[in-house]
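Enquirer: There's a structure below that I have some questions on.
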Amino acid sequence: MVFNCYPVANAEESPMSSQNPTTVAWWSVRMRATGTLDDEPYHVSGAESLVAPGMIEQTVAGLTQRALAPGHTVKARQVRVSLDQLDVEPTIIPALPTELKECPDPVAARQYFVDVLSRFVPHPAEALRVLTEGPTMRGAAMVEAGTDRRLEADPLRGVRVTKFGDLTESAPGASLAHKKHHHEAVLLASKVAAAPGVLAEFCISDDPHYTRGYVCVDGVYTTVTNVKADGDPNGGRVILVDTARADPTTITTWLENHPVLIGPATASSQKATSWHGHLCGRLNAWRAAGLERRPRTFCSAQDPDAVTTDGPALLFSSSDYLGLSTEPKVQQAMNNTVRRLGSSSGGSRLTTGTSVAHHQAEHEIAAWLGYPQAVFMASGYQANIATIQLLADPHVTVISDAENHASLIDGCRLARARTVVVPHADLDVIDTALDCVTTDRALVLTEGVYSMGGDVAPVGELVEIAHRHGALVVVDDAHGIGTVGPTGRGATEELPASQRPDVLLGTASKALGVEGGFACLDETLATLMRNCARGYVFSSAPSPVVAAGVAAAVEYLRTDTRRVCSLQANVAQARLLLAEADLIPPSAAHDRGPIIRIPVGPESRAVAAQEELARRGLMVGAIRYPAVARGDAILRICLTARHTDEHIRILVTSLREVLDGALSDAPR
């Protein structure tokens with residue numbers, strides 16, 4: 001037996017149950033016992049407890065006795081006990097209240113697991129498989145609610161739950177000599193339930209003779225009987241998380257490294273936190289992570305020389321790429337329509353909400369972009385969700401680019417589709433993923449011009465690959481329509497008919513300078529969407545005033561491409577100068593999108609850069625988690641047709657000075 005020991009306090013100090021937990025120097029005592037099976041190392045036993053100095057001797061003795069107990073399948077040949085003093089104060093939480101779910105047999109027990117899992121994931125059987133098949137990891141699987149996506153960094157190791165102690169018993173050191181499955185599981189589950197972003201936990205023990213499991217959801221630990229037959233060595237754990245509340249790294253760090261002491265369950269612990277307390281806690285956690293946003297208020301149109309309530313600003317964060325929001329022809333069309341048709345649609349598209357203005361907008365969009373039909377809705381977000389929810393369901397596999405917009409991700413979640421996230425613009429991986437599809441149908445989902453970096457997707461090649469596998473292709477070109485292509489028709493303009501996506505999604509709130517979203521598609525899909533897409537059927541139609549503005553904007557671009565040419569010239573110049581200044585990688589110098597990503601790193605550095613640029617009179621977006629991965633914040637530059645050479649020169653000079661000079665000592 002090997003001890004890794006450090007100097008400890010007098011063992012005659014009072015036991016931890018009589019001490020104030022906030023004034024004790026707590027220690028982590030860990031035991032791991034190993035043996036050999038078929039000449040291979042074999043894990044025999046392991047345990048950990050946080051204890052006060054006065055309980056170290058008892059705890060070491062109890063854990064050692066457990067390691068050497070004769071009941072193990074394999075005899076321990078080596079026992080390691082380590083002691084580490086904590087350098088942070090533990091958080092104290094109450095144990096979860098407990099309930100019992102009695103099931104007559106494993107079939108009924110596993111159906112109960114599936115019923116609860118189905119609240120959170122589209123394919124509960126896959127999560128159940130982690131719980132019931134042979135163990136492949138020592139820790140737990142972390143699964144994203146809504147997508148089934150596995151999030152643990154190391155699939156062999158899993159996510160461990162460590163550094164928690166027991167304040168519920170008077171002699172914890174002695175009690176550790178014998179494993180008490182239920183009590184120790186409640187302690188572990190209590191820490192998991194307190195972690196940020198955790199929604200639920202499911203467990204089936206891999207102990208062959210312990211036939212109970214548990215479900216921890218809604219703040220209650222429920223023991224489930226007869227989850228497997230006696231002698232079955234299989235088991236596992238699944239932790240379901242909401243990545244909108246906390247990212248996987250934050251959750252894992254909390255579970256593995258944040259010390260927690262679990263006290264007795266109290267009356268208050270058996271009740272859900274009040275709504276006010278719950279919402280305040282979420283907001284405070286968001287603020288503490290440096291993620292709170294405060295919008296600026298404009299007093300002018302979004303021209304390059306804009307005015308906000310904070311004063312004038314040189315604007316580089318607007319998606320009014322062509323300046324059509326102030327185009328007189330667009331404004332005149334809207335003014336005429338409000339006098340003729342009123343300011344409101346008055347209903348959904350299938351009741352009283354469709355006007356001649358809506359038909360005109362759809363006709364102009366479809367003809368301009370080369371599709372038989374267009375379906376117009378209130379926003380790009382709504383159009384994206386409605387389209388994906390119409391096309392996808394649990395029998396559809398969606399191959400989704402890793403940098404797709406949140407609206408596309410949310411559409412997959414609402415559709416409860418089997419979603420496979422592939423590396424950004426990686427055609428080989430997409431091809432392989434389509435080869436592995438086992439569902440009835442498949443759909444490939446991408447942006448045309450990516451909203452965070454401005455690079456253009458290889459749409460033509462992607463369509464060829466997808467159609468070879470019989471898959472449908474949906475492209476969201478919100479940032480490409482009006483900005484790229486010889487006449488501004490977007491990322492698909494120069495493609496032959498055989499390489500065009502089946503559905504082209506777009507928005508009128510960016511280059512078109514108005515509002516609304518749309519889907520371009522064939523006659524069959526358009527008719528199906530108008531009858532069955534929930535976002536279309538059950539939402540009020542956009543105002544006819546908006547529809548008239550969209551029709552006028554499209555007509556303008558159909559006959560006059562000078563603004564498109566000006567924008568593309570500005571994008572090329574800005575990318576060249578930014579690359580020469582080493583602010584973007586050389587590969588980004590040749591991207592065509594009007595969005596330019598300036599890598600920054602930590603959220604705090606991005607915010608500091610944004611604030612310093614604002615002091616210099618420039619408005620630039622600081623894009624942080626969850627729009628990008630945590631720790632990969634960017635400054636997002638949006639070019640427009642109305643920026644001048646001098647505007648671009650000021651931008652590049654200011655960025656170089658701020659990022660290379662004023663913030664050189666900021667944390668990275």
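The backbone N, Cα and C atoms fix where each Cβ goes, and this holds for glycine too.
Annotation source Swiss-Prot lists substrate binding site at Arg293, His405. What Swiss-Prot records for Gly380, Tyr381, Ser451, Asp476, Asp477, Ala478, His479, Thr507, Ala508, Ser509, Lys510 is pyridoxal 5'-phosphate binding site, and it gives similarity to another entry as the kind of evidence. Sequence annotations record features per position, and here Swiss-Prot assigns N6-(pyridoxal phosphate)lysine to Lys510 based on similarity to another entry.
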Enquirer: To the nearest whole angstrom, what is the C-alpha distance linking Arg293 (substrate binding site) and Ala508 (pyridoxal 5'-phosphate binding site)?
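Expert: Just about 25 Å between their Cα atoms.
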Enquirer: Would you list the other residues of this chain near pyridoxal 5'-phosphate - those whose C-beta lies within 8 angstroms of the C-beta centroid of Gly380, Tyr381, Ser451, Asp476, Asp477, Ala478, His479, Thr507, Ala508, Ser509, Lys510 - in sequence order?
Expert: Ile481, Leu505, Gly506, Gly517
Enquirer: For Arg293, His405, His479, Lys510, listed as binding-site residues, tell me which one has the smallest number of other Cβ atoms within 10 Å.
Expert: Arg293
Enquirer: In terms of DSSP three-state secondary structure, what is the assignment for Arg293 (substrate binding site)?
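Expert: Where Arg293 (substrate binding site) sits, the three-state DSSP reduction gives coil.
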Enquirer: What number of additional C-beta atoms lies within 10 angstroms of the C-beta atom of Gly380 (pyridoxal 5'-phosphate binding site)?
Expert: 24
Enquirer: Would you please pick out, from the binding-site residues Ser451, Asp477, Ala508, the one with the fewest other Cβ atoms within 10 Å of its Cβ?
Expert: Ser451
Enquirer: Would you identify the secondary structure of Lys510 (pyridoxal 5'-phosphate binding site) according to DSSP, in three states?
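Expert: Going by the DSSP assignment, Lys510 (pyridoxal 5'-phosphate binding site) belongs to neither helix nor strand, so it counts as coil.
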Enquirer: Sort Ser451 (pyridoxal 5'-phosphate binding site) into helix, strand or coil using the DSSP assignment.
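Expert: Assignment for Ser451 (pyridoxal 5'-phosphate binding site) reads coil.
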Enquirer: Should any of the binding-site residues Gly380, Ser451, Asp477, His479, Ala508, Lys510 have a Cα within 10 Å of the Cα of His405 (substrate binding site), which are they?
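Expert: Close binding-site residues: Ser451.
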Enquirer: Widest Cα span across the pyridoxal 5'-phosphate binders Gly380, Tyr381, Ser451, Asp476, Asp477, Ala478, His479, Thr507, Ala508, Ser509, Lys510, in Å?
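Expert: Max Cα-Cα spread across the pyridoxal 5'-phosphate binders: 15 Å.
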